[in-house]
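Student: The structure under discussion is supplied below as structure tokens; questions concerning it will follow.
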Amino acid sequence: MQLPANPFKAALRRAEPLYGIWAGFATPYAAEIIATTGYDWMLVDGEHAPNTVPTLLGQLQAVAPYATHPVVRAVQGDTVLIKQLLDVGVQTLMVPMVETAEQARELVRAMRYPPHGVRGVGGGLTRATRWDAVPDYIRTAHEQLCLIVQIESPRGVAHAAEIAAVEGVDAVFIGPADLSTGMGHAGDASQGEVQEAIRRTVQATLAAGKACGILAPREEDARRYADWGCRFIAVGIDISLLRQAALANLGRYRATQATDQAAPASRTY
């Protein structure tokens, strides 16, 4: 069989706008529900959600029949962990808190086989090779793998141009929450200096010929970042959407109850 294509990587190269959603429930059932909704991509979070390699595998299998592409965020840029994630079939990998070009180069090496990298060969044990059903996987795997590095600290912003220019880095993703916190604004990315840092990072990424993405659940933020040149934007978080919908639903009934209690008693006998 042929090596599965990576439509997300191809779309990034065509500079298409891609709208995504954060997936934090860490269950295949929830991931599959999200995959039916039509988002271009979903971020399966291995950093802040309670995921492990087996739970990530289950979610990859659950969403495989659908068009929504799974991007998996590792908990950290560990070479051994990256090997495991690629072996279970991750094609698009996001790594948090990348601050230097050297870090980015090491991540590229972790995703490639020798002599261009250090990825170990799992052969017929791995889902990525479809258990040895994909011929020449070792030689061609890099063609369909996509590496996204996260810039989410002042140090990362300072080195954004060098990071984005690293060969093998396909895209940069900005983390506004960590960036703003690192700049002394406790998660408030609306502050002027944080916005300027985001803009500079987008510009540096585009100047290197790479795609830039960001998390922006608020529509006005998402549209502004798109105007600046971001092409893949996460516009929602599944856990937040569930909580907001649950609160809004209950609020309608609480409001009705309060209105009923405030109404005068009927004088009709």
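Glycine is no exception: its Cβ is also placed from the backbone N, Cα and C atoms.
Marked as active site, proton acceptor by Swiss-Prot: His48. Marked as site 'Transition state stabilizer' by Swiss-Prot: Arg73. Among the features that Swiss-Prot reports, site 'Increases basicity of active site His' is placed at Asp87. Taken from Swiss-Prot, the feature divalent metal cation binding site applies to Glu152, Asp178.
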Student: Using DSSP and three states only, what is Arg73 (site 'Transition state stabilizer')?
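Tutor: Looking at the DSSP assignment, Arg73 (site 'Transition state stabilizer') belongs to a strand.
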Student: By CA-CA distance, flag whichever of His48, Arg73, Asp87 among the recorded positions is nearest to Asp178 (divalent metal cation binding site).
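Tutor: Looking at Cα distances from Asp178 (divalent metal cation binding site), the smallest one goes to His48.
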Student: Counting distance between Cα atoms, which of the recorded positions His48, Asp87, Glu152 is nearest Arg73 (site 'Transition state stabilizer')?
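Tutor: Result for Arg73 (site 'Transition state stabilizer'): the nearest of the recorded positions is His48.
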Student: Across all the protein chains here, work out how many other Cβ atoms are within 10 Å of the Cβ of Arg73 (site 'Transition state stabilizer').
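Tutor: There are 25 such Cβ atoms around Arg73 (site 'Transition state stabilizer').
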Student: Taking the recorded positions one at a time (Asp87, Glu152, Asp178), which has its Cβ surrounded by the most other Cβ atoms within 10 Å?
Tutor: Glu152
Student: Glu152 (divalent metal cation binding site) to Asp87 (site 'Increases basicity of active site His'): how many Å between their Cα atoms?
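Tutor: Between the alpha carbons of Glu152 (divalent metal cation binding site) and Asp87 (site 'Increases basicity of active site His') there are 27 Å.
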